[in-house]
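If you check TrEMBL, you get these features:
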BINDING   105, 110, 115  oxalate binding site
BINDING   108, 110, 115, 156  Mn(2+) binding site
DISULFID  31-46  disulfide bond
DOMAIN    60-210  domain 'Cupin type-1'
SIGNAL    1-21  signal peptide
C-alpha cells in the first residue's frame, strides 16, 4: 500500500510539473518583481507586499506609435514584466505593433508564449509555419477588428498590406515571452555561424551567405 501511495504521489507530482512547465501559478495575491534583489530564481524575486504601489501595476504611453523608420518598417512597444513589475508570476504581457505601409514584422518566434493579435487599424497579412516535416504555412489577411492566434514556439510573421499605417495589439501568455528573429539569429549571431554551414543549409552559394552576414 505504501508503495502504491508513493507511486501515485510521484505521478501527481509529474503531472503538476508538466502543468506548470512554463510559468507557475502565484501562491499569493501578487509577486511584484523586485529588480534590486540579488536572488536568482525562475522569474524575479518578490518585492515586500507592504512596499507595493499602484505604479507597479500600471504603464503609460501605449497610445504613442512605435518607431517604424527602419529597414523593415516596423516598431514594437512591449509591456512585460520589465515595464510593469506587477506582471511577475502572472503569465501575461502585451505589445503594441506599428507597421509602415508594406512594413513587416519579420519571421520570428516567441520561445515562451503563445500570442493572440488583434488589428486596430489597417490590414495585415499574418501567418505561421508548422513544425517539421510538414512546414505548412497557415496564413490569412486580417482587417480592423480581426483576431489571429500564433501557437507557442512556431515561426510567424505579419505584413502591412494596406495603403496606410497599420496598428495591432498582441497579448502573450508569458510575463517575458522572448523573441527570436530568424534572420538576426541565423545571419547575425555573435560569433557568426560558419558561412559554409549556412550555405549548405540554405542550398545557396557561400558568397551569398557572406553578403547577408555582412549586412547584419
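Glycine residues also receive a Cβ, built from the backbone N, Cα and C atoms like all the rest.
Just so you know, TrEMBL annotations are computer predictions that nobody has curated.
Neighbours of the Mn(2+) site: apart from 108, 110, 115, 156, residues of the same chain with C-beta atoms within 8 angstroms of the site's C-beta centroid are 109, 113, 128, 150, 154, 155, 177, 179. Neighbour density for residue 105 (oxalate binding site): within 10 A of its CB lie 25 other CB atoms from the protein chains shown.
Counting other Cβ atoms within 10 Å of each Cβ, the lowest count among the binding-site residues 108, 110, 156 belongs to 108.
Measuring Cα to Cα from residue 156 (Mn(2+) binding site), the recorded positions that fall within 10 Å are 105, 110, out of 31, 46, 105, 110. Cβ-based neighbour count (10 Å, all protein chains) for residue 115 (oxalate binding site) stands at 22. The C-beta environment of residue 46 (disulfide bond), restricted to residues of the same chain at least 6 apart in sequence and closer than 8 Å, consists of 28, 31, 32, 33, 34, 88. Report note: the oxalate site is defined by 105, 110, 115, and the residues of the same chain whose CB lies within 8 Å of the CB centroid of those residues, excluding them, are 95, 108, 109, 113, 117, 150, 156, 170, 172, 177, 179. Restricting the average to the domain 'Cupin type-1' (60-210) gives a pLDDT of 96. Residue environment of residue 31 (disulfide bond) contains 22 other Cβ atoms, counted within 10 Å of its Cβ in all protein chains.
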